[in-house]
Amino acid sequence: MEKQGCEIEALDIDYNIFVRKINVNPFGIFRRKPRPEADQPVKTEEESLKLEDETGNKVKHVLKGVTCRAKPWEILAIVGPSGAGKSSLLEILAARLIPQTGSVYVNKRPVDRANFKKISGYVTQKDTLFPLLTVEETLLFSAKLRLKLPADELRSRVKSLVHELGLEAVATARVGDDSVRGISGGERRRVSIGVEVIHDPKVLILDEPTSGLDSTSALLIIDMLKHMAETRGRTIILTIHQPGFRIVKQFNSVLLLANGSTLKQGSVDQLGVYLRSNGLHPPLHENIVEFAIESIESITKQQRLQESRRAAHVLTPQTTLQEKRSEDSQGESKSGKFTLQQLFQQTRVADVGTMNIATEFTRDFANSRLEETMILTHRFSKNIFRTKELFACRTVQMLGSGIVLGLIFHNLKDDLKGARERVGLFAFILTFLLTSTIEALPIFLQEREILMKETSSGSYRVSSYAVANGLVYLPFLLILAILFSTPVYWLVGLNPSFMAFLHFSLLIWLILYTANSVVVCFSALVPNFIVGNSVISGVMGSFFLFSGYFISNHEIPGYWIFMHYISLFKYPFEGFLINEFSKSNKCLEYGFGKCLVTEEDLLKEERYGEESRWRNVVIMLCFVLLYRFISYVILRCRCSQRSFKTTLA
């Protein structure tokens, strides 16, 4: 018998969200207003109004006492109109959200959220994938991160999954997205499903898997899910908005939601019986699920009428008996066909004999931190070298700008005017290099979405991502530093010492790495590219203002002096000056037959000395580590707060 899934049961689920009427600071991810804990639910309207007075927020009841059950070998479809609470219920079943009241059980035991993420797959409505990786590479990297298997077995599993997903024809094609040409939308959705089933989960949960697809592609997706349920015994739960007639036939069970409440769960035929019991008669060849969704208003009115009659004791004993018989008849058809189907499903479950056995899976990650870092570094490197806008354009930009600057400042004279021009050159180089990496911000924002999705599934640690992200750019930035330093240094005629050239190249490398770290830090913080671009530009401008180039640090007001010491421009700027003018007896200005100003005098005037050469390098490295650490902390906060949902009005 094939591997079996798990029985998922939700009992009396209540879930509330807060609607804020005020503008929310997009950077306030560390500050959250008080919210009710799981053991302190908001149960009544009176309590809701009280909570609104205390916090300034309104409480919206998304789910109200929802109960449902999903079984192995079956597909449970959660249907209902927009705003019915389908996605919220799905995230609760996927252990991504915590309800205020109610419980979720896995194989009749309370769900262990950390463990459940290891044995389940959750496919979001949006395809969050790297567009420049091929289909096979995407699945292979996912397998490496989630499975501890030899390389041959990993490749064999990926090939088998590609065949199961029907993606052999596009296995070597790039995934693509809105801006990168790649595979079709239906194929991309199948890749998203493949990423979540590569570790062979017992439960597969999908949010609107047919959204945005044509009818043929949507049917292919559902047929594939049906095949997974019937051949591998998986428990499959999905939400769907407007299922077609052929799609509905594939569902074993349908959960009808309306206004956050359960109207009915059962087979499609049981749903038809339920509709008729409420006075609705769907046409013979009508799509029953669509008819039920369209008739929700009539159903709720009928239910409210029945509840009011019960409350007023209007029902006669005969009517009560008839309603009870009608409810009992929903569990079976007139011919007994569905009872036989249920017995057949129960027999298959009993054959496996694991329904009442606790699911035991390790909480640990599949790989060590070192292995995760190596895998992620490999994946990052593929993306960098395939991103022409980042790799080729940056390469041409750095080499071209180095040559142009070298020609503009060609062979500067060794006099006071030449010294001033050198200082201006260093200031421009700093401004250019520290502000030219903002174009990488969209790439980091895309990576952040993928990081949050993958870490929420337990694929790897956030710390491994932070280390890999820091390592992968080192060789790339070193190449850029050499391409820029070589022409500008020798064409301008800076310090002819080869060691001075190496130190200059080191400073350029650290400047590029510092700028990269700043962009990484703010990409973890800001909500989008527009805000990120504005914030980074403002921060860099402020740092340049207090660098010491426009105004000496001795003349900066005391209440602003802290900006001078945290400026990213200060230490490399000092490093350039020390590297160029230190240990040099060149005379810059003569008067009355003797030297009036030497290069050493310029350094003494600004109180720069040779002892600061390596101190500045160390401080620049500390800035790199600081911004990388801040980005790691922010990402950890984002990933840990992913389980909470707040609606902004």
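One is the number of the first residue shown, and numbering goes on along the chain from there.
Positions of Cβ are set from backbone N, Cα and C atoms, glycine also.
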Item to check | Candidate ranges 4-24, 529-549 [criterion: Swiss-Prot lists as transmembrane segment] | outcome: 529-549
Next on the checklist: An 8 Å radius from the center of the G80, P81, S82, G83, A84, G85, K86, S87 Cβ atoms defines the neighbourhood of the ATP site; name the other residues of that chain inside it, in order.
Outcome noted: L257
Next on the checklist: Just to confirm: which same-chain residues, 6+ apart in sequence, have a Cβ under 8 Å from the Cβ of S82 (ATP binding site)?
Outcome noted: H241
Checklist entry - Which value does the mean pLDDT take for the domain 'ABC transporter' (42-284) in this predicted structure? => result 86
Checklist entry - How many other Cβ atoms sit within 10 Å of the Cβ of G83 (ATP binding site)? => result 13
Checklist entry - Looking at the stretches 390-410, 425-445, 474-494, 617-637, which one shares the most CB pairs under 8 Å with the transmembrane segment (506-526)? => result 617-637
Checklist entry - Sorted by position, what residues of the same chain at least six away from G85 (ATP binding site) have a C-beta under 8 A from it? => result Y15, V62, L63, V66, L257, N259, G260
Next on the checklist: Can you check which residue among the binding-site residues G80, P81 has the largest number of Cβ atoms within 10 Å of its own?
Outcome noted: G80
